[in-house]
Amino acid sequence: MDTAGWTGPEDPENPVNWSPWRKWTIVATNSLATFMVSFGSSVFSGALPDVQRIFGVSNDVALLGIALYVLGFALGPMVWGPASELYGKTRPMFAGLFLFALFQIPCAAADSLGVILAFRFLGALAGSSVLAIVGGMFVDFLTGPAERGVSTALFSLATFCGPAAGPIAGNALARYVGWRWTSWVTLIGVAVFGTAAFLATPETSGPVILRRRAASMGLSDEKTGQARPTASVFVQKYLTKPPKMLVLEPILLIFTIYMSLVYGVIYLTFSMYPLAFVVERNFSQVDGSLPFISIFIGVVVACVALAVHSIYYLGPMAKQTKIHVPERRLPPMIAGSFILPAANTGIFWFAWTSNPSLPWLPQAFSGILIGCGSILVFMSGVVYLIEVYLIHANSALAINNLIRSVFAAAFPYAAGRLFAKLGLTVGGSVVSYGKAASIVQRTKGIAMRDSSLYQKLHG
């Protein structure tokens, strides 16, 4: 025997044949690990007042602790995404997660702001491995549209509830046990959930499993046709793949621009809420973070809606038509693009109703619309890109993540000076561009996929 392949349709090592218990354990544990990495992006906001006081820096300088973290999210997937397509999902993902945990130690113990900023950036660079890989990993073993939709809902719940929970936990930690515990708690959480994910998750990439099977049989790379590329080939072919896809794929470009605006809105709230509730209304740091619960509620509502859409619409439709079309993922995005006008009008209204003489509850409740509309748009876009690009999905998500993370890093800085203007600008952009983008993809997506230049050139 000079080849290594699956022994048959029931091969137990084929990820699609794993038991439901094993599959959903992988989904749950990796989503929890993702929660802790995304939690780390905003938990530092609770430490900002202490950082300014102890190190004698301005708010803009202290905000670098968040901006550099998000910048790490932007750059890391450009390596992790292509690496996962070549070397498998688990090794690069857990290597990054281990480094993320390790880099929390200097963040917690450092007496220099420069050290804190450097290791928050490096930690995010490493931890972005889960953001780059986990979403695409689920496609390796979940084949049905309903399964993929539910797993995406859980992943999105973790991805966005982390940043929503971060300010609440960060302010409480800074007040009651000290600001350094924002990093210690992140370390403890990622150690627990990361270890659980590591123990639960074998390699999920079919080609990598077969390559390792061939190696165990003593087959050479020449016989298997799966020789490892050199470093130069990896750089030339794989690291340049994400930007090439952005240039050659109209679908990817359209969705990336729209999702970047939405992602920026989420991170805009990290500057917006403290200004409104702590500065203007004189809430305490802890009390001023509680309105973030409204965003959390909106995220949960959106995730439930996505799961219901997958179970009660996509699943039956796939059985009825014997085929699943990715464009069926887009109705929630269209719904989200109609919710977001209210959310972003709410952002503008949020700014102008921050006077302490006005009630605070309506101002806080606008977060439900922001959270719900943003997640409906964002996660519908993510799962759509995954199903459109399949084996190229992690590279598509890598360049998507790069651009939207740059937006997220920039938005908190813009908020302080252009708060009211950004409410109008972002709202108008998302309303006009977002509705058109999602509806055009719903009606013309199949034709655009069939004319894919990247697929024609690279297969």
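All residue numbers here begin at 1 and follow the chain in the order shown.
Cβ atoms here come from the backbone N, Cα and C positions, even for glycine.
From a predicted model like this one, the values you see are computed outputs, not experimental measurements.
Among the features that TrEMBL reports, transmembrane segment is placed at 24-49, 61-80, 92-110, 117-139, 181-201, 246-270, 290-314, 334-352, 364-386. What TrEMBL records for 26-444 is domain 'Major facilitator superfamily (MFS) profile'.
Among the listed stretches 24-49, 92-110, 117-139, 181-201, 246-270, the one sharing the most Cβ pairs under 8 Å with the transmembrane segment (61-80) is 117-139. Under the criterion of 3 or more C-beta pairs below 8 Å, with sequence separation of 6 or more, the transmembrane segment (117-139) and the transmembrane segment (246-270) do not qualify as touching, having fewer than 3 such pairs. When Cβ-Cβ distances below 8 Å are used as the criterion, the transmembrane segment (290-314) is approached by residues 145-150, 152-154, 156-157, 160-161, 164-165, 167-168, 266, 269, 273, 277, 324, 328-329, 331-332, 335-336, 360, 363-376, 379-380 of the same chain, each at least six residues removed from its ends.
Sequence-distant contacts of the transmembrane segment (181-201) (same chain, at least 6 residues past either end, Cβ-Cβ under 8 Å): 22, 25-26, 29-30, 32-33, 35-37, 39-40, 43-44, 46-47, 90, 94, 97-98, 100-101, 104-105, 107-108, 127, 169-170, 173-174.
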